[in-house]
Amino acid sequence: MTAIPASAASRPDSGGASPSVPRHVAIIMDGNGRWAKKRGLPRAAGHKAGAESVRKVLKAAGEAGVQCLTLYAFSSENWRRPETEISDLMGLLRFYLKAELSALHKQGVRIKIIGDYKVFPEDIVKMLEDAMALTAGNDRLTLAVALNYGSRDEMARAARILAGQVAAGSMKADAITPEAVDNLLYTADLPPLDLLIRTSGECRLSNFLLWQAAYAEMLFVDTLWPDFGGEAFRGALDDFARRERRYGGL
Ligand code: FPP
């Protein structure tokens, strides 16, 4: 049997030779509540400390040459939390958007929101859209923030769009390839996901980037998110650099 040449470029998501620095890192920032509880503090204090970790990790990612950092800040399931906690998270989002936007812009960070963020309070939607518009031309690093995001919703949304196109006759059912689906996900313009990290010892994806994680390396660490800073992030990149990725080949 003739072997099919396994050029790196033909491997799914490889985008050429495997990079030693991941192009796209996603993080499930878990453990804020436990961090606060251990200190006898309200959960909101854990989220505030978690937001500080975001700042540190973003800096480390930029320094390392990561092209895109995607953070799971609010899932479509997080609405089940008590109203006070939801309102604390919204308050934090307002605070950080106001406080950090101009610094992020100066650092060349492009802000992108993934998920159905339009259901958020009107002032937040406006702040998010202004932040995306202001930073749209930046290319040092993309910070993709997942807000009211759910991976299965994202895939169902793509399926609905494709079904509509087929019904309208502008798309053939046979033309529904993985690439066609990929192009309709929120992440269509982001590099392939190379590394997915979850903090706090939980080992599940919780409806985050299920499609995009097909060939991503996974790293589950015990550290609670507020304790995960620049050094821990660099450790994760070192771990990634040691992984051998085969994309289904040998
Ligand atoms: C998970 O910890 C964390 C979240 C649901 C929110 C993540 C938010 C931040 C890091 C703050 C920055 C984000 C915004 C929106 C400004 P958990 O509460 O589930 O922790 P636990 O599992 O220990 O209870």
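Placement of Cβ uses the backbone N, Cα and C atoms for every residue, glycine included.
Whatever TrEMBL says is automated annotation, not expert-curated.
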The annotated region 'Disordered' range in TrEMBL, which must be one of 1-22, 23-44: 1-22
CB contacts for Glu217 (Mg(2+) binding site) [other CB atoms within 10 A, all chains]: 20
Where Glu217 (Mg(2+) binding site) falls in three-state DSSP terms: strand
Trp79 (substrate binding site) CB neighbourhood, other CB atoms within 10 A: 11
Residue, out of the recorded positions Ser76, Asn78, whose Cβ gathers the largest set of other Cβ atoms within 10 Å: Ser76
Of Gly33, Arg198, Leu205, binding-site residues neighbouring ligand 1, Cβ under 6 A: Gly33
Inter-residue Cα distance where the pair is Asp30 (Mg(2+) binding site) and Leu205 (substrate binding site), in Å: 11
